[in-house]
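Worksheet for the structure shown next.
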Amino acid sequence: MTSCTPLTPAAYHHLQLQPPPSAAAAAALSPSSPSSNTAAAATSSSRYENQKRRDWNTFGQYLRNHRPPLHLSRCSGAHVLEFLRYLDQFGKTKVHSHPCPFFGVPSPPAPCPCPLRQAWGSLDALIGRLRAAFEEHGGKPENNPFGARAVRLYLREVRDSQAKARGISYDKKKRSRNNNTNNKLSRPSTSSSSSAAGSASNVSGDRDHEC
């Protein structure tokens, strides 16, 4: 039976489980000049790369703290699932259980004792960064433990269970977002500022649900 020594607070501090910033939000916050857009894109890329490096280092420490210590070459999808479940203790998303009167209620009117978990969107983004980092460090795509079927199924299960517990639907939001995009493409734009404001509003609403 394996175990893992807990990560130090300093190490986990670097593991900021947040989805990457949306393009719409970045566009709304940055000036419209080409040089400003280029600088914003470079900043966004730099932040992503820095976050990916921190995530990779934290996962490496997790493997070293594993009992017995686990080398990356022997890491499997099962070990990735252990890591994700371990991170739940640091979660900030309230996930209601079936006996809770707020199960399926999007905006509970009062607090409850249900546990805090990592949000599905944060875990999905984390796996995406670690999957890319694995291959950047010489790993073969076919041996990538972060792309294992078990990991994909786990993320899907977390997404569906959190959607039911929190009274939200990720699929409906995705379809709604696609419909809004198609509508914008099919009709003439009245002004760039109103379009950007609408996009930022949609993104803000989605991020509120995922946090």
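Yeah, the Cβs are placed from backbone N, Cα and C, and that goes for glycine too.
Annotated features, as they stand in TrEMBL:
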type	residues	note
COMPBIAS	23-46	compositional bias 'Low complexity'
COMPBIAS	178-204	compositional bias 'Low complexity'
DOMAIN	47-174	domain 'ALOG'
REGION	22-50	region 'Disordered'
REGION	165-211	region 'Disordered'
Model confidence over the domain 'ALOG' (47-174) (mean pLDDT, whole number):
91
Would you list the DSSP helix, strand and coil counts for the residues of the domain 'ALOG' (47-174)?
82 helix, 6 strand, 40 coil
